[in-house]
Amino acid sequence: MTALLQCLSHSPLIGWVDPPAAIVAEVDAAVAGARAQIAAFAPELVILFAPDHYNGFFYELMPPFCIGVQASAIGDFNSAAGPLPVPQALALECARSVLADDVDVAISYRMQVDHGFAQPLEQLFGGLDACPVIPVFVNGVAPPMPSCRAARRLGAAIGRWAAGCGKRVLFVGSGGLSHEPPVPELINAAPEMVEKLIAGRNPPPDQRAARQERVRAAAERFGRDGSGLHPLNPDWDRQLLGLLAEADFATLDGFDNEQISLEAGRSANETKAWVAAFAAMHACGPYRTQVQYYRPINEWIAGFACASAVPLAT
Ligand SMILES: O=C(O)/C=C/c1cccc(O)c1O
Ligand SMILES: [Fe+2]
């Protein structure tokens, strides 16, 4: 087996505003199963598709997609901070191949990533530096956003490169599913916030703490009585998981960003990281999916899912 896929919702609220212990234990068990499957596969390269939340990417220059050639995690919400072990030559080779395939992607030699990238690496590997990783930013938060179709085409191009790179590759997708945490929006923002969204890299600690406290308080309320935020949408989440499991990319291509936001919350656009990861896996051949876990978890502001895919032939 030369390819494996693992997708996982993320939430920076894990450990900050937790659901009942039995639910945390369910999630821990699902993640432990994913870790064991990955350990048995022993990946030589991880290709990690994930969004950002105005921590590393800003409107000063907001690409739809970006491959990190050098990258570091900023450590928001107590997630791990520090450099990611990006194999530079491979990341560049991947970017060259994707561009030669007529799929536009930016590259960065100073990519900053947040919990969207750091959390799956911590959960699946215990830290940032366990395995060489090519980080791929998928804009799922800052409108205007790429379409599902564009995410599928990016993933497929990366998958075609990965299929020929001669390594055991683990594709990871991080984000979603339905949710809408109180991430700020450029439209209607006050001037001070506009400036933060355009050029807000490395904010002072008190500003970061205030932002995190706002999200924590919103999660506490949402967890208590389901109020204050766009409701999670288990039907939408299950439909998405079904389409990915069936490799029904034709239907996924027809998903509209506005409709996603209306039905499942604005941040459900993060699921394009899953679409890209599954498309990459599909480019390596037919696959069989196992949904290891799903539950809407208000305390984490997340339709929380964990799914893997293995090549059909194995
Ligand atoms: O960065 C933030 O302020 C909030 C992020 C968040 C909250 C809940 C679920 C997620 O997927 C998030 O990224
Ligand atoms: Fe997120």
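A Cβ is built for glycine as well, from the same backbone N, Cα and C atoms used for every other residue.
All TrEMBL annotations are machine predictions without curation.
Under the heading active site, proton donor, TrEMBL lists HIS115. Counting Cβ atoms from all protein chains shown, HIS115 (active site, proton donor) has 26 others lying within 10 Å of its own Cβ.
According to TrEMBL, the active site, proton acceptor annotation covers HIS179. Cβ environment of HIS179 (active site, proton acceptor): HIS230, LEU232, ALA264, GLY265, SER267, ALA268, GLU270, ILE301, ALA302, GLY303 lie under 8 Å away, each six or more residues apart in the same chain.
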